[in-house]
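According to Swiss-Prot, the feature domain 'tr-type G' maps to 10-204. If you look up Swiss-Prot, you'll see 19-26 marked as region 'G1', on the strength of similarity to another entry. Taken from Swiss-Prot, the feature GTP binding site applies to 19-26, 81-85, 136-139. The Mg(2+) binding site annotation in Swiss-Prot covers THR26 and is backed by sequence analysis. Residues or ranges marked as region 'G2' by Swiss-Prot: 60-64. Among the features that Swiss-Prot reports, region 'G3' is placed at 81-84, with the record citing similarity to another entry. As annotated by Swiss-Prot, region 'G4' applies to 136-139.
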Amino acid sequence: MSKEKFERTKPHVNVGTIGHVDHGKTTLTAAITTVLAKHYGGAARAFDQIDNAPEEKARGITINTSHVEYDTPTRHYAHVDCPGHADYVKNMITGAAQMDGAILVVAATDGPMPQTREHILLGRQVGVPYIIVFLNKCDMVDDEELLELVEMEVRELLSQYDFPGDDTPIVRGSALQALNGVAEWEEKILELANHLDTYIPEPERAIDQPFLLPIEDVFSISGRGTVVTGRVERGIIRTGDEVEIVGIKDTAKTTVTGVEMFRKLLDEGRAGENIGALLRGTKREEIERGQVLAKPGSITPHTDFESEVYVLSKDEGGRHTPFFKGYRPQFYFRTTDVTGTIELPEGVEMVMPGDNIKMTVSLIHPIAMDQGLRFAIREGGRTVGAGVVAKIIK
């Protein structure tokens, strides 16, 4: 049998391990790369290679994250693993590693623990769409009833946060034994990989989503009209398309009469490209940075929302002091700052640098937003926090 040719055309899916400290997330990550490399080709990554996670910066925040890659016969996966709990919190809130699905690792010897709950809650808040459970260390539990009990607890916990607990795939395994090459436990890793392939749907590519362009600049070109520039966030824009200008002011409709890149006229602009769009009959002063051009009806402007926020610590260049309710910083969405006020959860009086917190925000101008939109919190141009829109209120 000839060796299967490596195809770059395989669908690309982003996943990651989440769960309580010491439940075996990193060991599982190593086991997946090792077992899949053995069965389907690819590179194995050793535990200590993954555990010594390099530092990276996302929105000015230092996060330790390890990225590994592996293949199943039908897909290519990029997988993120974080060494510390704080790194997970930052990672999920900043969207540094956007996950199409997560593998929740729960040690069968412990059952669900505080961080298990917190990671599920964060997953819900930041929009991780699918969770698969790996019940780890099952080689250390010989009581079938105990395993069933832990499984039931995990399902209840998932349901509590609006994940389909009853239908969630749960694999009983032992990451360490699989890593050590014990066949019956290697099987469990293949079973997990199969669930990744079948339970997590193929993510919709940015180019297939409705058109959206955050406006960075506005120019007036004599005799031709108004041009807005920016990087297409998603979708495709073609000459002749009708678009809406959304955010800050009342939503307005216009038509794109030309798309250009590097001063050359194009038929279309696609997700990821920096373009200029010429707008028919729109005056220079009717548009400003911070608005978006979007497919009509695809996105709406809002001022009030619930969010999950990480507040930078002093060492990360954040505030040195706590803030209280009524705090009025700037919220930076896509290309612009908008002032807003915050409300803290009941019983919370103040927020310390380094905390993560759920807060309700009220902006002074509406911004085009949907659930899952990331933002930074700034004071005088300095980033002091990162957040994600968890739920739109109005």
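The backbone N, Cα and C atoms fix where each Cβ goes, glycine too.
The structure, with features from Swiss-Prot marked on it.
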| residue | record | contacts (Cβ under 8 Å, 6+ apart) |
| --- | --- | --- |
| GLY19 | GTP binding site | LYS25, LEU104, VAL105, VAL106, GLN115, THR116, HIS119 |
| ASP22 | GTP binding site | ALA107 |
| THR26 | Mg(2+) binding site | THR17, PHE47, ILE50, ASP51, SER66, ASP81, PRO83 |
| CYS82 | GTP binding site | GLY16, ALA53, ILE63, ASN64, THR65, SER66, TYR88, ASN91 |
| HIS85 | GTP binding site | VAL21, GLN115 |
| CYS138 | GTP binding site | ALA108, LEU147, ARG172, GLY173, SER174 |
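DSSP gives CYS138 (GTP binding site) a helix state. The DSSP breakdown of the region 'G1' (19-26), given as helix, strand and coil counts, is 2 helix, 1 strand, 5 coil.
Summarising the environment of LYS25 (GTP binding site), the number of other Cβ atoms within 10 Å of its Cβ, over all protein chains shown, is 26. Here the region 'G3' (81-84) has, by DSSP, the following mix of helix, strand and coil residues: 0 helix, 1 strand, 3 coil.
Assigned with DSSP, the residues of the region 'G2' (60-64) fall into helix, strand and coil as follows: 0 helix, 4 strand, 1 coil.
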